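**Student:** The following block contains the structure, expressed as structure tokens.
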Amino acid sequence: MLLTVDVRNTNIVLGLFSGTGEYSKLLQDWRMRTDPRMTADELALTFRGLLGTHVDEITGVAALSTVPSVLREIRVMLERYWGHVPHVVVEPGIRTGVPLLVDNPKEVGADRIVNSLAAHHLYEGPCIVVDFGTSTCVDVVSAKGEFLGGCIAPGLEISTDALASQSAALRKVELVRPRSVVGKNTVECMQSGAVFGFAGLVDGLVNRVRDELPEFGGDDVSVIATGDSAPLIIPESDTIDHLERDLTLEGLRLVFERNQARRGSGRRPVA
């Protein structure tokens, strides 16, 4: 079985896959809060506890981290606890199969690369990926699977938290759809601004991408959403076509399999 590890600023998501290629299947996933102070031993103890009896069935590990301190500990953990199985950490120098057509490829987050790979694999054409995480990323992928760049905006939760913490008369509210756009109390007003406002933000960015890039103006372009807040925003969006909850885990699986195939052929993995 393949263990996939997706470390972000807010959460760590683990996914357990059986099979490979078209026969692969995500059997189970787990979520935990990210603690940038966690050591390699603490990470391994937590992961092994979640995996339970599956821990001895792991035949490979693929991981990414957008948190530098955790990335270092992930590397140590893999060597110490899973050094006997093939493992891949997505970072510069690792082959992903995604050409990065940007000014500085090393600046592109591993999560954005992996999402782009999975989206193009699933929909086989030009696509726009919207990841609702700590930040809101809108990434543009060509029909050839090239990463063309994108947009980064604050995330839904971090925006509402900042609003509450920086405003004396406002407090943190539950992020749910309000009764209407026109709120009748402060809580509903904040919920309206968050839910409908972010739907408008995403729609605006997607439409601007379509206007700016002629090849993204047609009906063959797939707009795919992922991330914890995606199910809340999608019903209010006019541009998002698909929800792929496990997009990043699927991308990690693809990166692992591509690197294994490369090693099996005797060729050295390249970016």
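Even glycines carry a Cβ here, placed using N, Cα and C.
Pulled these features from Swiss-Prot for this protein:
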type: BINDING; residues: ASP6, VAL7, ARG8, ASN9, THR10, ASN11, ILE12, VAL13, THR134; note: ATP binding site
type: BINDING; residues: GLY109, ALA110, ASP111, ARG112, THR186; note: substrate binding site
type: ACT_SITE; residues: ASP111; note: active site, proton acceptor
type: BINDING; residues: ASP131; note: K(+) binding site
**Student:** What's the CA to CA span in angstrom from ASP6 (ATP binding site) over to ASP131 (K(+) binding site)?
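**Tutor:** Cα-Cα, rounded: 13 Å.
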**Student:** Listed binding-site residues are ILE12, ALA110, ASP111, ARG112; which of them have CA atoms within 10 A of the CA of ASP131 (K(+) binding site)?
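**Tutor:** ASP111, ARG112, listed in sequence order.
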**Student:** If you count Cβ atoms within 10 Å of each one, which of the binding-site residues THR10, THR134 comes out on top?
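**Tutor:** Going through THR10, THR134 one by one, the largest Cβ count within 10 Å is at THR134.
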**Student:** Show which residues of the chain containing ALA110 (substrate binding site), separated from it by at least 6 in sequence, have their CB under 8 Å from its CB.
**Tutor:** LEU64, SER65, THR66, VAL90, GLU91
**Student:** Can you give me the Cα-Cα distance between ARG8 (ATP binding site) and GLY109 (substrate binding site) in Å, rounded to a whole number?
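**Tutor:** So the Cα of GLY109 (substrate binding site) lies 11 Å away from that of ARG8 (ATP binding site).
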**Student:** For the C-alpha pair, I'd like the distance in angstrom between ASP111 (substrate binding site) and THR134 (ATP binding site), rounded off.
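**Tutor:** About 12 Å separates the two Cα atoms.
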**Student:** At the level of the C-alpha atoms, what whole-angstrom distance separates THR186 (substrate binding site) and ILE12 (ATP binding site)?
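**Tutor:** Counting only the Cα atoms, the answer is 32 Å.
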**Student:** What count of other C-beta atoms do you get within 10 angstroms of the C-beta of ILE12 (ATP binding site), across all chains shown?
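**Tutor:** Excluding its own Cβ, the number within 10 Å is 23.
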